[in-house]
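Working notes, beginning with the structure itself.
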Amino acid sequence: MEEEGYQWARRCGNNAVEDPFVYEPPLFFLPQDQHHMHGLMPNEDFIANKFVTSTLYSGPRIQDIANALALVEPLTHPVREISKSTVPLLERSTLSKVDRYTLKVKNNSNGMCDDGYKWRKYGQKSIKNSPNPRSYYKCTNPICNAKKQVERSIDESNTYIITYEGFHFHYTYPFFLPDKTRQWPNKKTKIHKHNAQDMNKKSQTQEESKEAQLGELTNQNHPVNKAQENTPANLEEGLFFPVDQCRPQQGLLEDVVAPAMKNIPTRDSVLTAS
């Protein structure tokens with residue numbers, strides 16, 4: 001049989017190798033015993049078709065896929081039912097564990113310490129078996145849904161129990177939006193120096209003016225000054241007119257006024273008369 005195969009390959013050459021379906025391949029050369037051939041391979045057409053299909057396409061057939069789906073499909077329904085029932089529970093558990101946490105914070109002398117965010121109070125509620133009410137706050141940032149609940153502890157009066165819900169989607173305000181009223185420390189010191197100098201000057205001038213006014217008032221109200229004012233010379237000056245005023249005036253009034261009315265007493269005449 002080996003010699004016949006060698007002769008067949010010699011006669012056919014490379015064409016038998018390139019196109020095995022034109023010439024009968026050597027794989028189908030069976031022994032000459034027909035009984036043995038029929039015993040081993042009862043259906044030549046089935047084997048040939050199987051060989052051809054195996055050489056053309058080696059992947060799964062449609063019937064194989066249909067059989068596989070028929071076997072697997074009944075098991076998918078309970079899995080889907082379980083997934084629908086368990087997903088909401090998983091989501092709730094993750095939300096309750098991750099998005100909600102509680103802290104205990106001690107207040108200082110200025111009140112409750114600031115956490116860096118701005119909050120708006122939107123409600124208050126009394127709690128059962130607790131004298132301290134619970135306050136509800138919400139973040140003022142419009143893109144943020146964070147909330148918190150503040151409650152004073154029953155055991156410690158200087159401790160707050162804060163429960164946060166959700167997360168902040170922005171930075172804290174002292175670093176993200178600085179206050180407009182705040183200024184840099186160097187500028188503040190310079191401004192304070194100038195203001196202090198101006199205030200010192202104004203205060204000094206005001207004090208000097210007040211001291212001068214007080215000094216004048218004390219000098220006027222001093223008993224020595226009052227005694228000097230009440231001397232006879234000062235009293236005479238108040239009673240009598242000065243000599244210059246008593247001199248006759250040159251003009252037309254001399255022709256009208258009588259001479260007797262011109263004799264106005266003066267200090268010199270009084271002294272001489274006395």
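From the backbone N, Cα and C atoms, a Cβ is placed for every residue, glycine too.
Quick look at what Swiss-Prot annotates:
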- 108-173: DNA-binding region (DNA_BIND)
- 193-222: coiled coil (COILED)
- 195-213: compositional bias 'Basic and acidic residues' (COMPBIAS)
- 216-228: compositional bias 'Polar residues' (COMPBIAS)
- 188-228: region 'Disordered' (REGION)
Remote residues contacting the compositional bias 'Basic and acidic residues' (195-213) - C-beta distance under 8 A, at least 6 residues beyond either end:
none
Using DSSP, how many residues of the DNA-binding region (108-173) fall into helix, strand and coil, respectively?
1 helix, 28 strand, 37 coil
On the 0 to 100 scale, where does the mean pLDDT of the DNA-binding region (108-173) fall?
85
